[in-house]
Amino acid sequence: MDLMKDIQPITSSDQIQHSSFDEDSNNLHNEAIKNMPNNPTARFTFPKIDVSNKASPKIDEFASSNPFAGKNQEDSFELSASHSTISETESVSGAPSPGPPSAPPSSLGRSLITIKEARDVYDLQCPICKLNYKNPKVLPCLHSFCHACLEDTINEVERSFNCPVCRLVIPIPTKGAEAFPLNSFATNMLNILAIESPHNCTNCEDRELASARCLDCVENLCENCVTAHERIRQTKSHRIVSFEELQNNTVDESIRCPSFCKIHDREILKYFCESCDSAICRDCAIFEHREHNYLDLKEAVKSHGKQLLQLLGNTKQKVPILKNALDSILQVENNLQQRKEKIEESINQSVDSHIQLLEEKRKYLLQQAQDMTSAKDNVLQEQFKRLHFDLDNVVSSCEFVDNIVLYGNEAEFMDVKYFMLSRLHALSEHKMQLVPEENDVLCFNQNNQNLMTGTRDFGILTTSQAFAPFCFASERNEILIKTGYLSSFQVVLNNRKSERITNGGDDVSAAMINTEGERIPVDVIDNQNGSYTIKYKVNAKTDHFLQVTLRGRPIHGSPFTISVSTGIDSLRIGPVLTWFGSNGVESNGKINEAYEPWGICCNSRDQVIVTDHNNHKIQIFDQNGKLLRQFGSRGKNDGEIWYPTGICVDKNDDIFVADHGNHRIQVFTPEGRFVRKIGGRGNMDGLFKGPCDIAIDLQNRLIVADRDNHRLQVLTVDGKFLFNIGSYGNSEGKFDSPRHVTITNGNHIIVSDSNNGRVQRFDENGQHLGILGKKGSNAGQFQCPAGLCTDTEDNLVVADFKNLDVQLFDKMGVFVKKIGEGVFSKPTSLCVTTSGNIFVADRGNHKIYLF
């Protein structure tokens, strides 16, 4: 198992997968060392992570870093090429941190050059005692503390205690603090920082302690190398400074290191190439610039200095010219000040009478601004503390797990595995409010009109407390719309405490688009009471998406899916789309005068089922009028039909037929096989005389329009009688030949009371609710209402057998329009499809029309 991946030597492009547990790790490392030109050591880099328990600016750096990548990081530790693992004393640590994998000890070598960097980056102090860790222990929350500090904190009487950093409840093990795992990584880092860092000589291979530094060679020198430096002709003129002088800051700051050539290593720049206009070293002059014109740097300075002095003299001649210009400006400014003083006197005389009122207004507004700001700031600060606290917990826990993954061995990994899983799961599930609970809205609306007389109303300071996540759309039933109509709903604003906003002026906007990519205009009306009206009109029968935002942030539930109703499009419906006869669309326009379509309905597959009254059969068509199948024959036996009228289907698409001539209801499978029969001739409960139409309500009850008994009967779908509705008469709730029946989305029963020239409405218990229409031929009136049906919005469609038309009413019973005038002969029954079209069975014309 690799706990450290992609650790990469910065001097090589080769990728090395490094594992302290891999048998081939030494081979991999040695292969990488071979690919490093002239480099005795491999430098490995680690993420620069702030691991303190306190708030730190390093958090952002940690959040954006890859804990497994070693590229481009500032802090590095060098590793001896003779080892394939990182030694315990060469680990980077912080609190809380796990330990690295066990490894054979290696020489510290040059790794100590970054100890100060490590000390600056990592916090190795116990949060309780504020001193360096002593025997640090890791809690399940991944915070570390001294063993002794934990012992003092834990109350042995209690079974748990709260972590001093994150306040997580920690169960106390049976063995107390001793049972918590050791933070070996922090311990190793403390061992490193306890070692003094010697300066070894970098000029020889004796590894002697350096005592001085050559500023020209930029090398640390031991005593022997200092003596040699002073004796050799090439180096005896070099500047050598002792470490004591450097540490005591006794060296003059004017001593500077020479400039070296970027091409030739350790060669000092001594010449200036005029051909290239650049400084060069001795090797450059011999090789790359041999044919160029070059000279000593000091001579070059003298040559170019003459030109510089000449240009300096020319520039100085502009000094008196500029001084004259300044004098002119000062004169104009003096005149301007004198004019300003006269104007100020005039202004002061005019304004003094209003200053007192304005000053009072100013103090009031400033205090109001301060109060508003303080209120918002308190909310934000509290939320900031909560989130920062959560962030610290997430960062410290993730850093702990990263260090275990990067540097821990199997035993250390498994030792704290349960803690890590539990802690990370808890942090992942922790719910946080990430949207600022307040905003930066603070506006000053000025009113400069009538300032002299309206100082009191000079300005109004306003703000906004509306909090987008708690603002919502009311009247959600309006989200189901239909084409061609102006639709609207209300948006209500609340503050972060879910309290209603009572004033207007907030930045509420809305945008709508449909699935075709068409943008729909939307109007937003500020009601000046904390609510906003959203108005729009759609023209396409497709889903639309409405985004409502407050200051650019979506409100609760936004974007909304606007479902366009599949009900009747009352604006567009009217023209006949097609018609078909007894053989469907394959009739080739021929009229079969024996064909007498009476009842009509649609099943769940949008197939059209029709009763052929005169031919004693049931026909099934598709939506385009193609005849799919038919069944039935004249007779009185089971499955035989005599002048069928009304028809409906149940939730299983079983077909219920009003067998008018046999005074019964018959049930068939969708394929036309007989299932059962209900009723028989008579006027007793459960018996019928000329049943004309049937419907199944939302309670799966059978509603029968028992025409010649002048009543409705309610039965179970198995034929058990439940109750009757109505009797003969013309008063409310009475009938004279009820012909057809339909059910609304609210499970109300609507009946065409034919000979009374009206439509009546009942609730599911048979209680009378109202009457629609009266006898007549005008809009909303009936001569002989027959078939009727509702759509998905409870809009009502009624066929008038004698007025020879079909009328549309909205769900409130308001007349909308007529269709089919001049088309029908005896419109008997109708149904509405899921797409909002209307099929009408016309017995007189022997046709079925589609609108």
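Each residue's number is its place along the chain shown, starting with 1.
Even glycines carry a Cβ here, placed using N, Cα and C.
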With TrEMBL as the source, identify the stretch among 322-349, 602-629, 658-685, 742-769 annotated coiled coil.
322-349
Would you kindly list the residues that approach the repeat 'NHL' (675-718) from elsewhere in its chain, counting only those six or more residues past its ends and only Cβ-Cβ distances under 8 Å?
599, 638, 645-651, 654, 656-660, 662-669, 724-729, 734-743, 747, 749, 751, 762, 764, 766, 787, 829
Taking only the residues in the repeat 'Filamin' (475-564), give me the average pLDDT of this model.
88
For the repeat 'NHL' (722-765), distant same-chain residues with Cβ under 8 A (at least six beyond the ends):
646, 685, 692-699, 701, 703-708, 710-716, 771-776, 781-790, 792-794, 796, 798, 801, 829
